[in-house]
Every structure is written in structure tokens, then in C-alpha cells.
Ligand code: NGF
């Protein structure tokens, strides 16, 4: 399960329906052009929190059908509705996904006992492994070393997708849990996380920048830091331009320039203005 996973985008049409062909093209582009080791399906980048349970299932099915066994598959099933999360965990396990992942429950101020119960409930009766999805900037949920440790006591919880700029905590986690899988979640910090010996990374920009990300990770692992830093610099130039123009929208338009029908974002996300569409195309021309 180690390596680089693209946080997969989903293609939607103008009405917000899943564009199956577009989704299949995104999957193929990631495997054949970006050459990533795996896909993280229905995460933030997949606009997961904006779609219905049926749409989530449809995406899980299409992606598995397109991938087969070519790369590893992680399914993000986390939801404020724990019954939905448990149902999706069972669904993707039956489909043959390699692991599940679940975002920490958000919006209400859940205490740690509630968070622990949420993960145990999702895993009850399902034969799979889980990666915690920790992204405090979006969920407001920050856990400390001891709390991660308590969650890791459940043997089915095999790791964490660590999307935070807290490198002190990351180092402590790595040191304390050498056998758990730690994935870096911020693409602009991939080199710094790789130096701390993470097992892999999961990122949105890998949809268009997978090859550079792989180089950063591989170079860092072999101690070639100067070379890795050069590639992280170009990567961060790219990420800065993407973030300024609109994260998911710009990545989708960049994919469109490569003949991949990545389509539109779902409401309430807004579409790119004409000016920003042109900018997205020029970013693609510069970096792809
Ligand atoms: O999109 C976000 C929101 N974070 C992603 C990634 O952590 C999300 C990150 O790649 C993800 O894996 C998922 O889809 O679940 C950033 O987009 C990237 O580093 C640019 O900031 O924070």
C-alpha cells in the first residue's frame, strides 16, 4: 500500500451528473500518463461531500471496473452519517478495494470518545483496513499523538493520511508508529514530509503533476535532496498558480487540455470565468 496516490477527480456534466466516460478517462490518465501507484477515490478532490450515496457507489464501481488490478485503490467512505459510512465500507470491500479511508467526523464538535466510536462503528463487521483521513484545516478536528495512538490500537486501522503542516507531530508519529502507514496530504510539502520518511502521499495535484511528485518522493528516499528540492520548487510554482486560479476547477481544465473530459465542478462550487479558463489553459501549456 506504499507509494503515491492521486486524490481522484470526478467528471461531472453541466447538470452535476457523473460523466462516466470522463471519469474513466481521468482514471486512465492517472495510470498511464501520471503513473501513480494508486487512486484515492471520493476524497475532497472527488467532491465527495457534495454528492449522494448512490453517486458515491456509482463512482466506486466505475473506478474499480476501469482499474481492475492495475493500481491500488483506497476508498474514502467517511461521512457525518455513520450508517452511510459503514454501508459504503461494506460496499467497497465487496467490490475489492484494497483499503478504506474515513475523514474524521466534522461540523459538530465531537469529543475524542465519539471520534473513536465513529471509526470502530465503520469497521465493525467489515473485513478491511482503514486509513484515518486527518485534515484539521477543513474539519476543525486536530488529534494529538496519544489520540492517534489510541485509534491505532484497533488493528484494522493501519495508518493516517496526514494533511497538516505540523511537522513536529508528523515526526513524532513516524517515530512512535514505525509500522503504521503515513501518507503526506499536502502536495506543496511533499519533500519535507518525505524527508521524515512517510510511506507515501495522497494529493489532488497528482492528477496533473504525478510524475514530478513521484520524482520528489523517490529522490528524497534515496537521499538526493538537492535534486528533489529543484522539482519541489517547480511543483510549488505550479501549485501556487493552480491555487490562485481555483484548485479543482483549474486541475479539471488542465486535464481537458490533455483530451481528458474532466468536466465541471458541482455546485455550490463555481465555474471558472472566461479569463480564468484561459489562465488554466496557459498553466497547462507551461507545466504539462
Ligand atoms: O484539496 C485539499 C484540501 N487537499 C488535497 C488533498 O490533501 C486532498 C491536497 O492535495 C485529498 O487528498 C482528497 O481529495 O481527499 C491539496 O489540494 C494540495 O496540496 C494543494 O493545496 O485541502
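For all residues, glycine too, the Cβ spot is worked out from N, Cα and C.
As recorded in TrEMBL, the features of this protein are as follows:
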- 44, 45, 163, 185, 187, 188, 204: aceneuramate binding site (BINDING)
- 133: active site, proton donor (ACT_SITE)
- 161: active site, schiff-base intermediate with substrate (ACT_SITE)
Take the C-alpha atoms of residue 44 (aceneuramate binding site) and residue 161 (active site, schiff-base intermediate with substrate) and report the distance between them in angstrom, rounded.
12
May I ask for the distance between residue 163 (aceneuramate binding site) and the residue listed as 'active site, proton donor', taken between their Cα atoms and rounded to an integer number of Å?
8
Provide, as an integer number of angstrom, the distance between the C-alpha atoms of residue 45 (aceneuramate binding site) and residue 133 (active site, proton donor).
13
Between all pairs in 44, 45, 163, 185, 187, 188, 204 (listed as aceneuramate binders), what's the biggest Cα distance, rounded to the nearest Å?
17
Neighbour count (Cβ, 10 Å) for residue 185 (aceneuramate binding site):
27
Within a 10 Å radius around the Cβ, which one of these binding-site residues has the most neighbouring Cβ atoms: 187, 188?
187
Given the recorded positions 133, 187, 188, 204, state which is nearest to residue 161 (active site, schiff-base intermediate with substrate) when distance is taken between Cα atoms.
133
Close in space, distant in sequence - the residue listed as 'active site, proton donor', Cβ under 8 Å, 6 or more apart:
43, 76, 78, 101, 102, 103, 104, 160, 161, 163
